[in-house]
Amino acid sequence: MTQENTAKLTKDELDDTILYAMEKPTIWYWVALAVSATCFFFGIICCWAYQVYTGLGVSGLNNPVGWGVYITDFVFWVGIAHSGTLISAVLFLFRANWRCSFNRSAEAMTVFAVMTAGLFPLIHLGRVWLFYWLMPYPNQRQLWPNFRSPLIWDVFAVSTYFTISAIFFYVGMLPDLAIVRRKATGIRKWAYGVLSIGWKGTQKQWKHYNQLYMFLAAFATPLVISVHSVVSWDFAMGIVPGWHTTIFPPYFVAGAIFSGCAMVITLVVPMRKIFRLERVITIDHFESLAKLMLVTSIIVTYAYIVEFCIAFYSGNMFEAYAFKYRLVGDYWIPYWIMLICNSMIPFVVFFKKVRRNLVALFIISIFVNIGMWFERFNIIVISLSRDFSPYSWGMYTPSWVEFGITIGSFGWFFLLFLIFTKTLPIVAITEVKEIISAEHH
Amino acid sequence: MSNEFIFDSETEFIEKLKELIKDGVTEDDVEIYAPYPVHGLDAMFGKPSKLKFFTLTGALSGVTTGLVLTNYASWHWPLITSGKPIHSQPPFLVVSFELTILLGGIFSLLGFLFLSRLPNPTQIIPEKEYGNKFAIVMKEKQE
């Protein structure tokens, strides 16, 4: 991998290039912030408050479709989170140097996406004020949660994932916060001084730091695979046709990384342009990311085909019917949107010209985001709407409250990300320096 | 100052350090500042980090907590679902696995903070910073 552009920067220039993003925001930043905040306010705050006040009946959920857009959103956002950990931890263990221009934004994305995902099980609760019943704690009625239920595994998996990602994000940022502190003045110097907890960059500190970073990466790697496997078991442990398959864990993990890579592209392409990071985040880096997206797209497509093969070769009429219904049934439109967005459009990335064209990548990444949202919708809603007995079949249409909350979740996510770009270093400065120095030798 | 060496280049810094080590300087006699972790520096001073013991303790307490919690809770409130055994270890392993990672990660972080003497309130606004330079500061010998 060539990195001539990066190598031309000296260490001081690099500090200034990256910290340029933290200078006074332009009017467009405020516009973007206002739009996100508005979506968040009307979506999450107003719609959710209305639902809490009125009851879960304001959503389109019914019997048999008890899981709808909320659970779709939950799986979608947990999936988005995954590529952040992949880029920061797995590629760290593989020593893939191109990760260092993305890993900070990808880690931020992970933390914010898990925060967004964590809202949805709460939104889906009829009595949200009793959410703490999910946690195991000694109580007066001497009840404990059922640890054989995948929903309890989810509580453990998602809360562990959030904690470890947040630690990883902060630890990776610690030396960079000290750089911001060195450059800042006045009250900001104090704020970043407190955030960087007195980091000096001595040899002894680096020694422990390197160990810590390696251990966290080693923990995060199996964690990221376990989290989406657990999410997939929410479905695969049930006997509903279309859910009850053993390929769900790898299929979900690949899908998660696929959607996450797309989201990183969606976020970083404009970020690079706005904050003039062309010399730090190069086209080569995007090309590597696009290849990762392509590989996961192929895995996901393979899973779509295998699902059908399993269903038809199983000789199980319910299973076979479930998949025929997906393809040509009442919900054929979401299903075909998914197929086109996830298994056809991303294949243009096979062409080198497309891989190196940021506008094209940005547009493809938007399609992938849409496609992956519909993938979760299809798995959840289509399977539930037609199970074994025709007597219990039923249709589901999301209500405006569900749409509002979904839009609100995007507002919340982008709001957090926009605040991040102005308050914290958006590229791992220290790691880029390390790479530059390694290339000089 | 005679007891402070500052370098712009990593190569010169390493060479000087090698020279000092040859003269019998140990890790405790100097304070070394670097803008990023310098490859091979840890190997020059013998002592490896003790962080792994914190990590191991955390991971072991995590897996123990997980197994004890799930088994105790199922014994304390034996709820039979779908005719499955009360003490089903495979699903309990999922919870134990997550707790292994959770406590392993938290213990590692705390271990790191302890070993690196962080947070350090006196260095919130440091008096002197070396920025992007490499520095070797000889500590004053106490006699």
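Quick reminder: no glycine exception, Cβ is built from N, Cα and C everywhere.
Note: TrEMBL annotation is automatic and uncurated.
Record features, source TrEMBL:
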TRANSMEM  A:27-54  transmembrane segment
TRANSMEM  A:74-94  transmembrane segment
TRANSMEM  A:106-131  transmembrane segment
TRANSMEM  A:151-173  transmembrane segment
TRANSMEM  A:212-231  transmembrane segment
TRANSMEM  A:251-271  transmembrane segment
TRANSMEM  A:292-313  transmembrane segment
TRANSMEM  A:333-351  transmembrane segment
TRANSMEM  A:358-380  transmembrane segment
TRANSMEM  A:400-420  transmembrane segment
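Cβ atoms under 8 Å from those of the transmembrane segment (A:358-380) belong to residues 67-69, 71-72, 75-76, 79, 235, 242-243, 255, 258-259, 261-263, 265-266, 269-270, 272, 283, 286, 290, 293, 297, 300, 326, 331, 334-335, 337-338, 340-342, 345-346, 348-349 of the same chain, restricted to positions at least 6 beyond its ends. Between the transmembrane segment (A:251-271) and the listed ranges A:74-94, A:106-131, A:212-231, A:292-313, A:333-351, the one holding the most Cβ pairs under 8 Å is A:74-94. Using a cut-off of 8 Å between Cβ atoms, the transmembrane segment (A:106-131) and the transmembrane segment (A:333-351) share fewer than three residue pairs, counting only pairs 6 or more apart in sequence.
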